[in-house]
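**Q** Reproduced below are the annotations present in TrEMBL:
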- 301-313: compositional bias 'Low complexity' (COMPBIAS)
- 347-361: compositional bias 'Basic and acidic residues' (COMPBIAS)
- 272-291: region 'Disordered' (REGION)
- 301-320: region 'Disordered' (REGION)
- 338-361: region 'Disordered' (REGION)
- 18-37: transmembrane segment (TRANSMEM)
- 49-69: transmembrane segment (TRANSMEM)
- 89-115: transmembrane segment (TRANSMEM)
- 144-165: transmembrane segment (TRANSMEM)
- 171-193: transmembrane segment (TRANSMEM)
- 213-236: transmembrane segment (TRANSMEM)
- 242-264: transmembrane segment (TRANSMEM)
Amino acid sequence: MTEPSKCAHLTEPSIPQFIVSCVLMVWLLICYLPQWARIISRQSAEGLSTLYVLLGSLSGVCAVGNILMLPSSAVEMGCCRHNTRFACVSGLLGVLQVVFGIGCFWVILFMYVYYSEEEAEAQAAGRRSSFSGPERTFRRARRAYLILLVACAFAFAILLSSAIILNRFPWLAQGWADILGIAVAIFACVQWVPQTWTTWHLGHLGSLSLPSLCLMVPVSQYTWIFGINMIIRLGLRGWSAWIVYVLVGTMQVLLAGMGICFAVRDHQKPKDERKASVPAEDDCAASPSSDSRWDLYASRARASSSLSRGARSMRSDIAPDERRPLLASCAAERLDYQTTPTASRSVTEERDTCRTERAQD
């Protein structure tokens, strides 16, 4: 129970601070809207790094746990019993900002999971071709639900631990908040590295939104400048205090710069020379022989309901789920390759030839 004396400083909230906090939340929403629209319009998660999505989700969970465990947050929530509604909302804006930002990123997580499987199922059923090529699309679809499972399990563990500490061991709340804060810094520091590498490796942004990256550049510049200021104040010995800001700001600016360069490069090309958004190493996998893997997979999914019992027995006891062909076991996939050894060999030969020619170029 929060004493009224502790809420005196919250009874008269600052109007300018309230306006600035609301503007920042609106700006954050504007930054994420182009990214959501980009993924929905392409109906693909190509270009989003798996580790970037996972680490960003874990970092968000730790950030929410950190802000909720701080004693000041507990006071602000407790003061809502004594203060006016406006004073209560104004006092909780710090918590709301963190939760809102993490919620926006988790929307990307859910889109990644949904469109990874949707794109692979569309490729398998023959409705449309995937951007990344069959193999990478299928691999991304298999990893998507694993990422969601890990993120949800991690969130449940963090929130459960935080609730237990608050109710049973309140004197440990500050220490637990510090641990979560360190975890946020580590995840935020690392998550941009795989995304930058993925974008550079693909040679295009894919489902990453260039307007979204550009809108976040001012935040990146502030982070980078703040890190440089910390270097001047603390020196090299205080690297643990500024390394996160410098690395995160550098990765964000580098990613936005790459996106602008790729956009200018593609704009200068004639329309008939602009290729679909397919990574270089998957050009080999996108050949007709490689597509036979997906043709076999799709035909097995479509024909599973009409096969006779004798034909099903010849395919052994491994059968994919008719409603969700992507959840078919790898053993069934290997069985198809065993029945078509010539096609498998041709796929390997064509890939080796393509990679050899690319290396010579």
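Placement of Cβ uses the backbone N, Cα and C atoms for every residue, glycine included.
Looking at the shown structure, what environment does each listed feature sit in?
**A** Tertiary proximity for the transmembrane segment (18-37) is limited to same-chain residues at least six positions away from its ends with a CB under 8 Å from its CB atoms, namely 90, 93-94, 96-97, 100-101, 104-105, 107-108, 111, 208-209, 211-212, 215-216.
With a threshold of 8 Å between CB atoms, the same-chain residues lying at least 6 positions outside the transmembrane segment (49-69) that come near it are 94-95, 98-99, 101-102, 105-106, 108-109, 112, 140, 143, 147, 150-151, 154-155, 158-159, 162, 165-166, 173-174, 176-177, 180-181, 183-184, 187-188, 190-192, 194-195, 197-199.
Away from its own ends, the transmembrane segment (89-115) comes close to residues 10, 13-14, 17-18, 21-22, 24-25, 28-29, 32, 35-36, 39-40, 43-45, 48, 53, 56-57, 60-61, 63-64, 67-68, 73, 76-77, 79-80, 83, 144-145, 147-148, 151 of its chain (Cβ-Cβ under 8 Å, at least six residues beyond either end).
Sequence-distant contacts of the transmembrane segment (144-165) (same chain, six or more residues past either end, CB-CB distance under 8 Å): 45, 50, 53-54, 57-58, 61-62, 64-65, 68-69, 109-110, 112-113, 116-117, 172-173, 176, 180.
Sequence-distant contacts of the transmembrane segment (171-193) (same chain, six or more residues past either end, CB-CB distance under 8 Å): 51-52, 55-56, 58-59, 62-63, 65-66, 69-71, 74, 158, 161-162, 165, 243-244, 247-248, 251-252, 255.
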